[in-house]
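Feature annotations, reproduced from Swiss-Prot:
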ACT_SITE  LYS134  active site, proton donor
BINDING   ASP162, GLU191, ASP214  Mg(2+) binding site
ACT_SITE  LYS236  active site, proton acceptor
Amino acid sequence: MRTATLYRYSVPMEAGVILRHQRLKSRDGLLVKLQQGELSGWGEIAPLPEFSQETLDQAQVAAECWLQHWVSGVESDDSVLPSVAFGLSCAQAELKQTLPLSADYRKASLCTGDPDELFAVLQALPGEKVAKVKVGLYEAVRDGMIVNVLLEALPDLTLRLDANRSWSRAKADGFAKYVNPALRSRIAFLEEPCKTRAESREFAQDTGIAIAWDESVREADFQVEAEPGVAAIVIKPTLVGSLARCQQLVQQAHQAGLVAVISSSIESSLGLTQLARLAAWLTPATVPGLDTLDLMQAQVVRPWPDSPLPLITTEQLGVVWHR
């Protein structure tokens with residue numbers, strides 16, 4: 001016999017979490033639990049405002065429709081809504097025990113704040129020093145100067161930078177001007193520096209700063225291929241779709257000689273632990289981009305190892321659908 005439950009969560013965010021144009025005050029999403037006999041599987045459905053194509057309400061409607069079929073014994077195709085496809089595929093994989101349990105809890109530290117604070121945090125990082133810095137929120141020249149200072153001060157540091165298509169080509173060049181050419185190879189990649197792919201490609205070739213595709217990966221005309229100056233693709237499953245789609249993208253990236261990075265869309269601790277398992281399975285040689293839990297004030301159902309944040313249990317969540 002099959003049963004399914006859909007829970008809704010809302011976790012307050014730390015102050016100062018800004019998406020593209022708005023402050024994110026709470027992270028809201030759905031957790032799905034599939035039960036078949038003694039086996040169960042969980043997944044998270046959490047569209048990210050300003051980044052996902054679907055809203056949470058739309059995702060809930062689609063999830064309920066899929067679950068209604070599933071409990072009736074009908075196997076439906078993946079949802080066309082990426083967050084729904086990802087969450088339901090995780091729940092099915094756990095149910096079928098096809099999502100490996102081993103997890104990669106390493107994370108590229110997400111760095112915000114002034115350079116002095118960043119330096120202290122980065123200096124204290126154990127092991128491989130890989131950090132992610134958001135650029136494009138302030139002046140490009142300022143970003144370039146900060147990146148240069150960090151790379152100069154910490155010779156074993158590798159940076160991943162994310163501009164979210166913030167810059168014109170001129171501003172991107174302004175950034176590069178302040179990064180010493182001798183240090184640029186320690187920028188693992190800069191995600192989507194310019195507003196168009198063509199400008200980003202030109203920027204990479206002209207400056208020697210490697211780029212990665214992020215937003216582009218979710219666009220209909222995108223193809224994974226080796227290109228001069230392109231080092232990686234960033235895969236955010238909540239925005240991309242099912243586990244099968246993620247696996248396909250990773251395989252295509254590796255075949256093209258590109259790095260594939262499994263990355264967070266600010267999921268709850270439950271979703272993050274599943275992303276850590278996905279990373280250990282599909283991209284074991286690459287540190288995943290999962291350092292977003294500390295943006296929240298609580299964990300949900302499953303804890304991240306060693307996190308001091310309080311845990312919201314299943315009993316504390318609201319049930320929005322059950323059959």
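Each residue, glycine too, has its Cβ placed from N, Cα and C.
Taking CA atoms as the reference points, ASP162 (Mg(2+) binding site) and the residue listed as 'active site, proton donor' are 5 Å apart. The C-beta environment of ASP214 (Mg(2+) binding site), restricted to residues of the same chain at least 6 apart in sequence and closer than 8 Å, consists of ASP162, ASN164, GLU191, GLU192, ILE233, VAL234, LYS236, SER263. Of the listed active-site residues, namely LYS134, LYS236, the sparsest Cβ surroundings within 10 Å are found at LYS134.
Each of the binding-site residues ASP162, GLU191 was ranked by the number of other C-beta atoms within 10 Å, and first place falls to GLU191. Excluding the listed site residues ASP162, GLU191, ASP214, the same chain places ARG160, LEU161, ALA163, ASN164, PHE189, LEU190, GLU192, ALA212, GLU215, VAL234 with Cβ atoms within 8 Å of the centre of the Mg(2+) site Cβ atoms.
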